[in-house]
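The Zn(2+) binding site annotation in Swiss-Prot covers 248, 311, 312 and is backed by sequence analysis. According to Swiss-Prot, the feature methylcob(III)alamin binding site maps to 695, 757, 758, 759, 760, 761, 805, 809, 861. Among the features that Swiss-Prot reports, S-adenosyl-L-methionine binding site is placed at 948, 1136, 1191, 1192. As annotated by Swiss-Prot, domain 'Hcy-binding' applies to 6-326. What Swiss-Prot lists as domain 'Pterin-binding' is 357-618, and the listing cites sequence analysis. Residues or ranges marked as domain 'B12-binding N-terminal' by Swiss-Prot: 651-745. Annotation comment: Swiss-Prot describes 747-882 as domain 'B12-binding', evidence class sequence analysis. The domain 'AdoMet activation' annotation in Swiss-Prot covers 898-1226, and the record cites sequence analysis as its basis.
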């Protein structure tokens, strides 16, 4: 059974694009069914609500499901999907109906079968097929549902296999022609599903065609569990599906690039059934049948498709339109792809004949790393993860994980560590090699990895039967396999035996098991040389020759080995061991070795091994001399403490001999200021006038910089350094230019300003530098600039464009005000909008409609150049504005139809669903040191260990997590330079006292009263000194609470004596003066750098002070012992939310904090009219101690909460609307 269906389907797929049906849920919604409809007669007295259990309708409303199936077949569908998306026992448990899973699956398949047969009977030349649907369930096997325990799972691989097996049997029994595993958001779930399906096929003695369809969740191009499209494909390729595709989450416009990628890499047929666009404000889908068909037609004509249908929001009308659009279009031809081993973690790793040597990291192995073994034994898993992370950062493309140690529960340790690895993208991006001598440990590991990994290892030592059984399971789990050269006789130690065993194993795997040859990796045994035993002298050479033999005789098989074994005789002399590894790998790779288990951080380069030592090592490795071991031992001691030196680059200053124009270009590209004045003067002497130096070689050099930046070959910090060189050259030339009364031409004059009330300008400064690098003249008015000054200077300086920047949410209203004033005053200039709090939606809806001239949202520095060029070009401007208007019109239209992703609830309902904390059995901790604590001019050396460097790199548009970014393939070198410069500047600042950091905190008696928090003047708690006003989440939370910060303080009526903390810190005292001084010197790089490091110091101060409060001042976590990485990940008790941020988004509450602490008088920090903090590098907020306190986002609130908040604050409604605008619907 199934073979005929597959042949029939494949025949049709070669001739035309087949149609899958459309959305089932969408059609069910159109019936507007009520609770009683879902219950039917059978479930009238069921003990929980059943509305929404669409799959149950196959039992209670079968006629509706049949109508929907029939409508899709009438529209042209070839394949019906059964109504079983949520019919597994796991998903049905939500309705306590897990016992009905098999019945529902059977009934659903039977219904679809009946309808399909009816339509096939009408036209036997066009058979209709039933795809038994296996959905993703509501659990994830590779993601923890508990943010506090990334190693926890609420479902197991085995549990999923059991659930999917039950569903599969019923779907087959009901008459399914094929199995569709769809809407895969966690690949490990899908692997469990595929495992179940294959097991059931074997059990029933059948093999139906299998379709696989995954879900790319957003613009990141990844599944919910983090895999890229190709990594996802590699992980499930072993299923050998008839088709591989994508569905749901995205509309055709967004999904196109991923379907195109899949069409390039998939050896099987490609399917797609996208949504009808993205959901609007009402959760509905707006893409019409005609619009969707237009997209699909283009896909088909581009050769992406073999099967196509629709998902959420699609109807029979959509399918009919799509059927018409693809009719007669030639289906995608199956590509002829080269044979490769396709592995994956979160990202793909394809290994083929052209691939360079693959490094397998060896340090996550308890048998080979004393440090790793100690950490696992002590259950120091966070530090053990660091070992894995270091391996990847040092170049390991696969990590080998082994837990075989007598005192460990190897299976439990393997599962725990792999689950934790899955939560670390820097580690889980690479494939895993599950390494154990115990088969049960290997299986346990395979059940934890969502990518395609490698089993290390199986062999013939226990006979052919067990070898085959294990190989079949490896195949079913979807892994590649290492096969040891070991049979019933023993390990292969000669060239001949290595080939003999590998040949036998290869033919068993390929010919009898059906194992893909490209997924077979032989380990022909690397043994130690230079042992003093003559029989061992040929071990290395035999391995090298066996590599060549195996590659020649066994097509597509790969070769690996534990490289460190070869140097075992030289334990204790790491330098010589590294030299042996380098030489051995050099010859192995030449003969065809594909990968090796190595310490990725200690690989030496063959050519860097000193010649004398290299020759001695080669004598041993290649067994060229009978006295090779003795000679190597003699010279080994001389190298015991050495490390490979690197010769000085003698050509470092070779560029100084180049022509001056090339020297200037080199200096600009490399950011070298050392010779710039000297070279600029030389260029001036050669020019007829000084302006020619700017317009000639200097601008030529900056054009090269601009090109490299645009191509991604230079990064923002380098561009800023280039600008520094340019400014110094121009500053030198200015007196000569002025003396000649000459004027320079520019691409345009742009005024930039951070709006009134806002003090943040790092982003604006970077935009200014990038624009200057592209020959725009910049007038920077700085921060907190009132509207009147902006417009006055714009008129006086006759600027071409005005650019506004802001970070805090009140700045959005100020930008609207500036736009209105520009309209009122008759300006015609383009207006640019940028900054962290701005968005295209806000620009289109709130700003652009108040000003008739172009208003352009600029989301990053690199885009600014193109925008300004287009706006000031007579040729480009009309088309640019037309596209901009259309884009904004679409944005406004989408916004007008937008509703919250979750249904809003009343304030009364939200309060009724507050966080249910057990105050009766909880005693709030009393402070160890109550009162106010001031930290004036704290040593920067104290704060530097608390710095989180990741946001620092983001400031410079270098995306990646510290410290991994320092080794990033593309930006690593620049990140290292930037990191070095930042620390050098911090050293200077610390040494010379150029920046000061001050802060303060205090703890106050407090109690919650409804949504607000009363703060008392003393411990008698009789007098309310302050009230902290809070907002509550106001959308439906079926599985959680509607949080408000007051939930974390003991209610007044509880009688519990609780406390709240307040703090304010700054790392920026002196930062503005320093930045201005650097700017005056033409050094934009250090001007931006000082702002960036001041910001980091402020955040570090906040982290440091919170730790001090937890451990000493409040003292509720006196035993806490966390690393800086733990602090960054917030692995501590308590929270420190800041006014103006998601949990307490209303900025004016800072004024209360300032009063409580007397901040301005004590440490000099102040608030602007928009409640931005000055200095800008500052942090303030509240301290909560409750162990269940957590961060959350208030998000959108409703009118009833707006009125309540205004009333409690004593505000007019208009005032409340102004400060809460970001949390209100437009």
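Keep in mind that glycine also has a Cβ here, set from the backbone N, Cα and C atoms.
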In three-state DSSP terms, the structure that residue 805 (methylcob(III)alamin binding site) belongs to: strand
Around the Cβ of residue 758 (methylcob(III)alamin binding site), the count of other Cβ atoms that are within 10 Å: 30
Helix, strand or coil at residue 695 (methylcob(III)alamin binding site) [DSSP, three-state]: helix
Top Cα neighbour of residue 312 (Zn(2+) binding site) in the set of binding-site residues 695, 805, 948, 1192: 1192
Residue 758 (methylcob(III)alamin binding site) versus residue 1136 (S-adenosyl-L-methionine binding site) - Cα distance in angstrom: 22
Other CB atoms within 10 A, centred on residue 1136 (S-adenosyl-L-methionine binding site): 24
Between residue 948 (S-adenosyl-L-methionine binding site) and residue 695 (methylcob(III)alamin binding site): CA-CA distance (Å): 42
Cβ-based neighbourhood (8 Å from the centroid) of the Zn(2+) site, residues 248, 311, 312 excluded: 23, 183, 247, 249, 273, 274, 275, 310, 313, 314
Inter-residue Cα distance where the pair is residue 1191 (S-adenosyl-L-methionine binding site) and residue 248 (Zn(2+) binding site), in Å: 30
Under 8 Å by Cβ from residue 311 (Zn(2+) binding site), same chain, sequence gap 6 or more: 22, 23, 183, 247, 248, 273, 274, 275
Sparsest-packed of the listed binding-site residues (1191, 1192) - C-beta count within 10 angstroms: 1191
Between residue 805 (methylcob(III)alamin binding site) and residue 1192 (S-adenosyl-L-methionine binding site): CA-CA distance (Å): 27
Winner by Cβ contact number (other Cβ atoms within 10 Å) across the binding-site residues 248, 312: 312
Three-state composition of the domain 'B12-binding' (747-882), taking helix and strand from DSSP: 65 helix, 24 strand, 47 coil
Spatial neighbours of residue 948 (S-adenosyl-L-methionine binding site) that are distant in sequence (at least 6 apart) but have CB under 8 A: 962, 1096, 1099, 1100, 1103, 1124, 1128
C-alpha spacing of residue 1191 (S-adenosyl-L-methionine binding site) relative to residue 805 (methylcob(III)alamin binding site), in angstrom: 28
Which of 695, 805, the listed binding-site residues, has fewest other Cβ atoms within 10 Å: 695
